[in-house]
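To keep things clear, I will list the structure first and then write my remarks on it.
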Amino acid sequence: SGESGAGKTESTKLLLQHIMNLCKGNLQLEQQILQVNPLLEAFGNAQTVMNDNSSRFGKYIQLSFHKNTVRGAKLSEYLLEKSRVVQQDIRERNFHIFYYMFAGLSTEEKEMYGLLDPSFYRYISGQFGTEDVVQHWKHKYEEVCNALDMVGFQEQEQVDMQAILAGVLSLGNVTFEPEESNGSVKVSGVSQGWLKAAAVNVLSQLVCWVPYSPWSPSVSCSSCPCADARDSIAKVAYGRVFGWIVCKINELLAENMDPEVELREIGILDIFGFENFAVNRFEQLCINLANEQLQHFFNHHIFQLEQAAYKEEELPWETITFNNNEPVLNLLLAKPLGLLSLLDEQSAFPQATDKTFVDKLNSSFKGNLHFEPGRGHVLGFSILHYAGKVQYTAGGFLEKNRDTLPANINGLFINSITPLLSMLQLLLQDIVHWALRVLCLAELLVFLCPHQHSLMVLMERLYSASPHFVRCIKPNSQKEPGVVDSQLVLLQLCYNGLLETIRIRRDGFSWRPSFEEFAER
């Protein structure tokens, strides 16, 4: 664990290499485990203000052992930041794979996928890189292609996958305009070419009827349901490609063992770090909630369980206090009046808005020491996390929490002429069962807070294990090598509870042999 950019992903790769080096055995499997990283980083990482190679998902790697040899592995992914596909903030980029494709595809391949100059595409903000950066991306694209071959993607599957990614980019350029005769909204004339490049049979599904009402006398095409549907399709398509890659990786790495043989396991969790940007949205709240839970998990094992053991054995012990973040978790997770419960409640009402949600928070948490109402004209609120105060902008909270996909769009994936998309839809229909609860609202399939469910499954896994904690400390905020900002380091040592950890290690009992071990010694 650690802040964004503190080195968690790099430490994970080094730890994997170390474990593989210690467990000489199935060399092919060990190489495969190490070689899937470029694939995961290309599709799951992106440049942010805090980190040029930031993990925008959490991954849990389970290594299975028999007689000290790695016999298989399994990868679980959590909370992919799908919203990044359709929107990035200033000085940030979309997922790496889009830039790798532009740099690595030949002119003929770009023509086949209908890709034009990257400056045309809204979903990557028209950004590209310098010549040196493009050469680096070209090398990375070759790595990705090698990894896809190694993992077992057939040539046609790779073509389909890149066709989907190119289609996602084209879809982002589709815009809408009002149909004057009957009040509906249609795809604008200038967008027809982009729509054809994305998928011909999307046309009829994107045209939606916007009824007149005295409360909404005019339609803003940029915020109408059509634009939401367009972005929903892009996010779902990308998320399913990512899930497909993880499934293929797990097929490759699955242990080939007799089920009767008992396997031991080491799991490594590499998850996005605590984030505090100039503008913090729903995604940052989910990321920071995950970090709050990990910090509580750390406190539980390092302070609560350890000191309880000393008291149980009646050892002379002066209690060490620590920064207990349970009040923040209660603010976020309590039922029925925690922040996420209130968000779910508001998401269930068709007439609710981000403003009614913020008003509800302000009235519910008045006087709470870890909550502050928003100031000025920006609709939002602040939370005092274990790592410091974060101000959240509430715009888009309800929409992102619903994770909506218009019901009539679902059929597009099944009927798609791209075999991969059809297969993904059929394989991933169990998302409906996986979601916490499903509501139909105005022809929308609404999955209420899969983020919470994903975190719940992850924490259950962690609490059933015997944990070791690797704390990554970020040396400076400028992303510079060889520079240590002492105040920044000290701040992290303090809010992570590492000073108290040093004290409990110094004053406590670090070696705990069983009676048999002690007697034998």
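Glycine too: its Cβ is placed from the backbone N, Cα and C atoms.
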Looking at 202-224, 271-293, 455-477, which stretch does TrEMBL describe as region 'Actin-binding'?
455-477
Rank the binding-site residues S4, T9 by the number of other Cβ atoms within 10 Å of each Cβ and report the first-ranked residue.
T9
Please work out the number of neighbouring Cβ atoms within 10 Å of the Cβ of K8 (ATP binding site), leaving out its own Cβ.
22
Tell me the Cβ contacts of G5 (ATP binding site) under 8 Å, same chain only and six or more apart in sequence, or just say none.
M50, N51, S54, G273, K474, K479
DSSP on the region 'Actin-binding' (455-477): how many residues come out helix, how many strand, how many coil?
9 helix, 0 strand, 14 coil
Extra residues within 8 Å (Cβ to Cβ centroid of G2, E3, S4, G5, A6, G7, K8, T9), ATP:
N51, G273, C472, K474
